[in-house]
Amino acid sequence: MIVSSTTDFREAARRRLPRFLFDYIDGGAYAERTMARNIDDLADIALRQRVLMDVSVVDPSTTLFGVRQALPVALAPVGLTGMYARRGECQAARAAAAKGVPFCLSTVSVCDVDEVRAASATPFWFQLYVLRDRGFMRDLLARASAAGATTLVFTVDMPVPGARYRDAHSGMSGPNAAARRLVQAALKPAWAWDVGVMGHPHRLGNVAPALGKASGLQDFMGWLAANFDPSIQWSDLKWIRDAWKGPLVIKGVLDPEDAKAAADIGADGVVVSNHGGRQLDGVLSSARALPAIADAVGDRLTVLADGGVRSGLDVVRMLALGARGVLIGRAYAYALAARGEAGVTQLLDLIDKEMRVAMALTGVRDVASINETILAERVPRAG
């Protein structure tokens, strides 16, 4: 199969993975309209083509949180990545390190912080959820820091899990889920051998101490649902700011007032995100929410964004809307599931090439020059 875009990686992932895993990557909340709008609203952003601008040298590199990187891109925290490919977090981290972009490890990863650091020998970002057990959170922060995590991405848009109907239909949850998953795995023998057999252990590495012997998928889902903390407030983040000495990024912000609150508690950045449309269906797409947030706090925080990014062209669009950098989640998960580390490497190379083409054809030579002036029309601010 020829792979030349994220769409191709998605199809290859669909063919390889059991349905419950593919739908877990591919699905969203409720009717999945916000998930679709993430893609559609970003694709509708028209760029202003310029000519005769001397774009003989185009440089897509940038600096985020004091670190120079090859692209204004980071691999977003994606849960259960080690189930998409054998020790998937390690494969993705190696690909990111080789390209010179950050990899962000999810709290709910198969490979833990120490295994990822050993695999890539490069500092990484770490993502943390809001959990009831503050002692466990403190221990996890300490482990991540000791393993070399430099930037903490604190996810705040999951006080409760979203309603993901597709998961119930596919066997990730719902009646007889375990039996349905076994049948689906048997129908995908290449995945079953490579990941199901050779990819052990399948425990959730970072939360294994809390789970104890109960480390199966259903155990994990139940533990996570029971440990989300809906009572947390902005004032509760002070101890996280005090505990984490590196850059702190608040992920899951869609409103300028929340972005201002993040700045007020001492955060270094925010991620404009609706969790890939996996939490509350009907909220703004990231592309629509981004400009107002960039206007409100762009001089106080590093504004990042995710949601609907499928190409280097989409990265340029997000930067033009006000982001300093972009997190890529589903796109790299598809690539990883399809071809492992080589797939993620190929995806990042595609994004690099697509960014360079888009920059050249809009007349910009460096990332700092990408702003609203390359848009064909002024984008209205939400709110």
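Backbone N, Cα and C define each Cβ position, glycine as well.
Per Swiss-Prot, these features apply:
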DOMAIN    1-380  domain 'FMN hydroxy acid dehydrogenase'
BINDING   Y24, Y129, R164, R278  substrate binding site
BINDING   S106, Q127, T155, K251, 306-330  FMN binding site
ACT_SITE  H275  active site, proton acceptor
For Y129 (substrate binding site), which of the three DSSP-derived states applies: helix, strand, or coil?
strand
Compare the C-alpha of V326 (FMN binding site) with the C-alpha of each of the recorded positions Y24, Y129, H275, and give the closest one.
H275
Measuring Cα to Cα across Y24, Y129, R164, R278, which the record gives as the substrate binders, how far apart are the two most distant ones in Å?
18
Among the recorded positions listed here (Y24, Y129, R164, H275, R278), which has the Cα closest to the Cα of G322 (FMN binding site)?
H275
Quick one: pull the CA-CA distance for D306 (FMN binding site) versus Y24 (substrate binding site), whole Å only.
18
Could you give the Cα-Cα distance between Y24 (substrate binding site) and R330 (FMN binding site), in whole Å?
10
Starting from each candidate's C-beta and looking 10 angstroms out, tell me which of the binding-site residues M318, V326 has the most other C-beta atoms.
M318
Cα-Cα distance linking the residue listed as 'active site, proton acceptor' and R164 (substrate binding site), given in Å to the nearest integer
12
The correct three-state DSSP answer for V326 (FMN binding site) is strand
Using a 10 Å radius around each Cβ and counting other Cβ atoms from all shown chains, which of the recorded positions R164, H275, R278, R310, R330 yields the largest count?
R330
Within 10 Å of the Cβ of D314 (FMN binding site), how many other Cβ atoms are there?
26
DSSP three-state assignment for M318 (FMN binding site):
helix
Subset of recorded positions (Y129, H275, R278) lying within 10 A of S106 (FMN binding site), CA to CA, in sequence order
Y129
